[in-house]
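Taken verbatim from TrEMBL:
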- 48-427: domain 'Amino acid transporter transmembrane' (DOMAIN)
- 49-68: transmembrane segment (TRANSMEM)
- 74-98: transmembrane segment (TRANSMEM)
- 127-144: transmembrane segment (TRANSMEM)
- 164-181: transmembrane segment (TRANSMEM)
- 193-211: transmembrane segment (TRANSMEM)
- 264-287: transmembrane segment (TRANSMEM)
- 307-326: transmembrane segment (TRANSMEM)
- 347-367: transmembrane segment (TRANSMEM)
- 373-395: transmembrane segment (TRANSMEM)
- 407-430: transmembrane segment (TRANSMEM)
Amino acid sequence: MIASSGSETKNLLSINPTNALSATKEDVSAEIGAESGDHEVPIGEKQHWVFSSFMTVGYILGTGVLVLPSSMAALGFLLGTAVCVFFALLSTYIAILLGRLKNDHYPECLSYKELAKMSVGKKFENALEFLTCINWFMTMALYILTAVESFTAAFNSNLCGYDWGLICVVVLLPSTLITDMKGMENMAAMSDLAAIVIVAVVLALLASQGGNSPSEHKHNFFPPKESFLDAFNPISSFIFAYQGQSIFLEVISEMRYPREWNKSVYLSHSLMFISYSITAIVGYYYMGNDVPAFLPKGLKKGIWKTLVNLLVAYHVLVAYIINNIPLVAMLKRRYFEGSRTPRSKHVMISALLLFLAWLMTNIVPFFKDMVSVIGALCGSPIMLGLPPLFYFCALKSKGIPMGRFDLVVCSLLFFVLFPLTFVSGMISAFRSILGNWERNGLPFSCSIQV
């Protein structure tokens, strides 16, 4: 997952509203046996690898892209560009690694959760399910926070952030009655289209608005002087932006020829890299170190600023609804009677999640910090830690030696980058949150500044 994503990620925020649609395939997969020996068409419609590329981009590209210009400002042009390239290459390699696991070792596997069970074991599957729930919930909180930011930027009013949050709760309350994905496809598609339009319009407006002349703002080519930990907040934002690995197994399973997955990876990750780098560089170029964490806030007042922010609000509120459905379904399977759970309990669970998400947006009412927390807490293990672990366990169980290149990269991912980005990213994010509380007031204060 403007929030990008992946099935657990993001949408415009990391993680994209259609992320959650992938979760329903777990229900379907139990009823579908292995197909032909080569597993060329495991489930669903036959999809060309190009279509699978666009599906992957749709899942991952989201609102998380809107925080990248401020991440570039924190790192400087040189390091910011290097980090964007680095994680694009890492994400590409990890996607190829997951393709090998699917095609060469577990062709019957249809989801990330199943991959955890087959490669590591049942207990690890349960742990991954817990991480998935945390990721979905925090991403839903991020959607509400993004809607709050959008409404605040769109309208000049005396309402506090928690007031706008309550308005979002009221708007979303009827959605607690929705129990499945039926009829959501068109709404999800429109939300995806909105995500693309938002990024394009924001960049066009920044380039055309004369007040945003680069000469009016200060830029850093080299990283500004800051502590080692301070650099991990923007790095966590890039992790969040590229996170989405948990839906790759579903995408491969729907391909006409799964072994063309590498072609799909190269195209999808090239498109994401181009989108992320252009947004980060153009946004920082036109607004410099003054670029806000929530990019649409930096637009000049006027009808276009209002329309863009309302479009963002529409996108993330739809994303919330779509992500809520599989999360509630997972909780019902784990703690209640599954699909036989009474509708009244479904509504109660959904309403409780909605209240808790609103509460979370008031505890961490800072857009960039929320993105960083999700990137470090969930994105780091899902993107950097789990794929090399799955690959190692799969090869070990079959007595296959790991190639030297894979051994070096997987060791770097699992033993260095994963713990470093997880621990340092979390410490950096919480330090930033504490600093923002000190400057802007404790939770439920009315002086939120992001």
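Using N, Cα and C of the backbone, Cβ positions are placed for all residues, glycine too.
What TrEMBL says about a protein is an automatic prediction, not a curated fact.
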Selected stretch (most C-beta pairs under 8 A with the transmembrane segment (373-395)) from 49-68, 127-144, 307-326, 347-367, 407-430: 407-430
Interface present between the transmembrane segment (347-367) and the transmembrane segment (74-98) (three or more C-beta pairs under 8 A): no
Folded-back contacts onto the transmembrane segment (347-367), same chain, C-beta under 8 angstroms, at least six residues removed: 67, 137-138, 140-146, 148-149, 161-162, 165-166, 168-169, 172-173, 175-177, 293-294, 320, 324, 327-328, 331-332, 373, 432-433, 436, 443-444, 448, 450
